[in-house]
Amino acid sequence: MTENDRSDGAGDERAGEERSLRPDWWWASEGSLWERFPTPARDAFPGPISVETERAFAADRLLAGFFVAVFVAGALAVLGYFTGHSLREELLWFVYLGLWLFVLAYAIPTVVWGYEAWVGRRYEPPPPEYGADDVQVRILTVDAEDVVQHTVDALPDAFTDRHVVAEEPLDVDGATVHVVPDGFECEATNKGRALEWARRTLDCEREFVLFLDEDTLVTEFDGLPDADVVQFREWPMYTGSYVTYWAEVLRMGYQTEQTGFEEWNIPLYAWGGGIAVRKSVEDAVTWNFDTLIEDTVFTWEATKQGADFEVLETKFRNQAPPSIGAMFEQRRRWLVGTLHEEDHLPPWFHALDAVRNVTWVFSPVTPFLLLFSALLPTNLPGHVAFHVVAQGFFLFSLVWVLQGWRYYEGPSLRTLPVFFVYPLVTAVHAGGAAWGFVDPPESFETTTKTDDHRD
């Protein structure tokens, strides 16, 4: 049977020692930014932490605006709008140099991804040292009762400490349901608010907390290594839209880089739908951040404070967005959330993340670089080199599709078409991110989930 718990959530009454998580990175020296930044671990949770930043003229936005101008000018030139015009030669040089800059910008994250993939091939996760009896499971939802019931039913029997944290009362068998009270206030909003309320309110005597989304199905569990943050892999299921499903296949191919994150000591992103966190680390970092990407921000802050991060090969099933509109909104939220939180990263990582965001938005353009290169005048210096590079980028982009296809464990009638509709899939995957650059969301919208599992 379930129990609805409406604690008032007033403050964090949990006693006990907080784990010290002081980083040994270069920016953690005395008098550095780290020493001036008020962290919960140091200041014993003095109050909410605001991480929201507004940067209307951030480098990534300026770079994106420049590329828009380049591609618009290139399109106009191709269509013959400037034939015979005195500005045609100057415009041609602007487009040509801009295309080379785009190639350089696209090459940076591509090379980094290739290096991560190479490192990741040699990665072996640490052996498990903790079992299911060392884990408390928390499933986060708004009010998707049927979806959550599927998630609870899929949990291995070895998980006995099961909790559902919801915004509305639910009737779920096999787990204790807790409802976040309307009057609970903290700096975090939406899912982060629910996570923070649960952290302050739920009793936990286990070493780890395993956080799951409402649609995350635990397919297997072989234990957890002795690490502070443990990332499981996601495996999106088909939910009615082939286009969004293929976009997820592409995304999974790109995310094979996760096993190479150990090289940087800080992950580029995290998936909160399947992540285990040591309880002492959760209390030291907290979820009290005003952000759209609470899982990634939490992981960034945890690793900045010295926590170690490991990725397991175990895949949990989750759902692909049910429609293109839902995927656009999801990608829009991810992009804008990352833009607002890049200041959490060290400077060089901040720059890499900014370039990755811009190239993600413009990734649908890469198949058309071949067309641009074919239309450029042959007397331009480096014309042949540009054509070769354009071909290379197009072929390399198919590597991500191949990786995603392999990630889904080989050929199937559902995954095979992604090779033939790659440009469309890339456009759908990047469309929401582009929308986020133009029109950032003002509120958090959850992605609709279904209890009809078709994959």
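Any Cβ shown, glycine's included, is placed from N, Cα and C.
Annotated region 'Disordered' per TrEMBL: 1-20, in sequence order.
Feature annotation from TrEMBL assigns transmembrane segment to 62-82 (among others). Within the chain, the transmembrane segment (62-82) has long-range Cβ neighbours (under 8 A, six or more residues past its boundaries) at 88, 91-92, 94-95, 98-99, 101-102, 105, 354-355, 358, 361-362, 365, 372, 375, 437.
For the transmembrane segment (94-115), same-chain residues at least 6 beyond its ends with a Cβ under 8 Å from one of its own Cβ atoms are 63, 66-67, 69-70, 73-74, 77, 254, 257, 260, 263, 352, 355-356, 358-359, 362, 365-366, 369, 372, 376, 380, 382, 386, 389-390, 393, 396. The feature transmembrane segment is assigned by TrEMBL to 94-115 (among others).
According to TrEMBL, the domain 'Glycosyltransferase 2-like' annotation covers 209-378.
Under the heading transmembrane segment, TrEMBL lists 358-378 (among others).
Within the chain carrying the transmembrane segment (384-403), a Cβ under 8 angstroms from the stretch's Cβ atoms is held by residues 99-100, 103, 106, 110, 117, 249-250, 252-254, 256, 363, 366-367, 369-370, 372-374, 376, 418-419, 422, 425-426, all 6 or more beyond its ends. The transmembrane segment feature in TrEMBL is assigned to 384-403 (among others).
Positions annotated as transmembrane segment by TrEMBL: 415-438 (among others).
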Residue numbers, six or more beyond the limits of the transmembrane segment (415-438), whose CB comes under 8 Å of its CB atoms: 61, 64, 242-244, 246-247, 249-251, 324, 327-336, 339, 357, 360-364, 366-367, 397-398, 401, 404-405, 408
